[in-house]
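J.: Feature table excerpt (Swiss-Prot):
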- S2: phosphoserine (MOD_RES)
- S2: N-acetylserine (MOD_RES)
- 2-104: topological domain 'Cytoplasmic' (TOPO_DOM)
- 2-94: region 'Required for homooligomerization' (REGION)
- K5: N6-acetyllysine (MOD_RES)
- K5: ubiquitin cross-link (CROSSLNK)
- Y6: phosphotyrosine (MOD_RES)
- S9: phosphoserine (MOD_RES)
- Y14: phosphotyrosine (MOD_RES)
- Y25: phosphotyrosine (MOD_RES)
- K26: ubiquitin cross-link (CROSSLNK)
- K30: ubiquitin cross-link (CROSSLNK)
- K39: ubiquitin cross-link (CROSSLNK)
- K47: ubiquitin cross-link (CROSSLNK)
- K57: ubiquitin cross-link (CROSSLNK)
- 82-94: region 'Interaction with CAVIN3' (REGION)
- 105-125: intramembrane segment (INTRAMEM)
- 126-178: topological domain 'Cytoplasmic' (TOPO_DOM)
- C133: S-palmitoyl cysteine (LIPID)
- C143: S-palmitoyl cysteine (LIPID)
- 149-160: region 'Interacts with SPRY1, SPRY2, and SPRY4' (REGION)
- C156: S-palmitoyl cysteine (LIPID)
Amino acid sequence: MSGGKYVDSEGHLYTLPIREQGNIYKPNNKAMAEDMNEKQVYDAHTKEIDLVNRDPKHLNDDVVKIDFEDVIAEPEGTHSFDGIWKASFTTFTVTKYWFYRLLSGIFGIPMALIWGVYFAILSFLHIWAVVPCIKSFLIEIQCISRVYSIYVHTFCDPLFEAIGKIFSNIRISTQKEI
């Protein structure tokens, strides 16, 4: 397995796929990572996507799983002909399937582009604007918090301590009259 090639059991020579070989910046195969005492790094931009399970985090479990039975139902005693029911089921299912494919074919790439730009802008603003503003605010507020702490310990603590001592001598007695 030298030079990014391997031999199968029948003696055929193959090159490893690019994803297993890594790139020029970080090796992504186990042999090179072990040789360099590094952990194997996977790039999020070149990872393979799962074409079978397209919702691995179950984002749409409660929302988009709409089947024929979820939309159209005939109660007991009010049934159409069996052929009509089967044709309606087939029409609904096939129409939903192909119309979704048509819409995703037309609008899928542009919407992916729009959402990619949107989340890139959000990430950029969070990294380069929001977090630095919050950090600078926390640094600047430390000065005010120290002055406020001195003010509270100097003026408010003695005042409220004195008020507490005044009210601590109040005794209440209750009597029940019949």
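Numbers here mean position along the shown chain, with the first residue as 1.
Cβ atoms here come from the backbone N, Cα and C positions, even for glycine.
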J.: How many helix, strand and coil residues does the topological domain 'Cytoplasmic' (126-178) contain under DSSP?
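T.: With helix first, then strand, then coil, the topological domain 'Cytoplasmic' (126-178) has 43 helix, 0 strand, 10 coil.
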J.: Write down the Cα-Cα distance for C143 (S-palmitoyl cysteine) and K47 (ubiquitin cross-link), rounded and given in Å.
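T.: That separation, Cα to Cα, works out to 47 Å.
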J.: Quick one: of the recorded positions K57, C133, C156, which has its CA closest to the CA of C143 (S-palmitoyl cysteine)?
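T.: Considering only the listed recorded positions, the nearest one is C133.
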J.: Under DSSP, the region 'Interaction with CAVIN3' (82-94) has how many residues in helix, strand and coil?
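T.: Result for the region 'Interaction with CAVIN3' (82-94), in helix, strand, coil order: 13 helix, 0 strand, 0 coil.
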J.: Which residue, of the recorded sites K47, K57, has its CB surrounded by the fewest other CB atoms within 10 A?
T.: K57
J.: Calculate the per-residue pLDDT averaged over the region 'Interaction with CAVIN3' (82-94) and state the result as an integer.
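T.: Over the region 'Interaction with CAVIN3' (82-94), the predicted model scores a mean pLDDT of 94.
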J.: Please report how many Å separate the Cα atom of C133 (S-palmitoyl cysteine) from that of C156 (S-palmitoyl cysteine), as a whole number.
T.: 32
J.: Once the DSSP letters are reduced so that anything not helix or strand counts as coil, what is K47 (ubiquitin cross-link)?
T.: coil
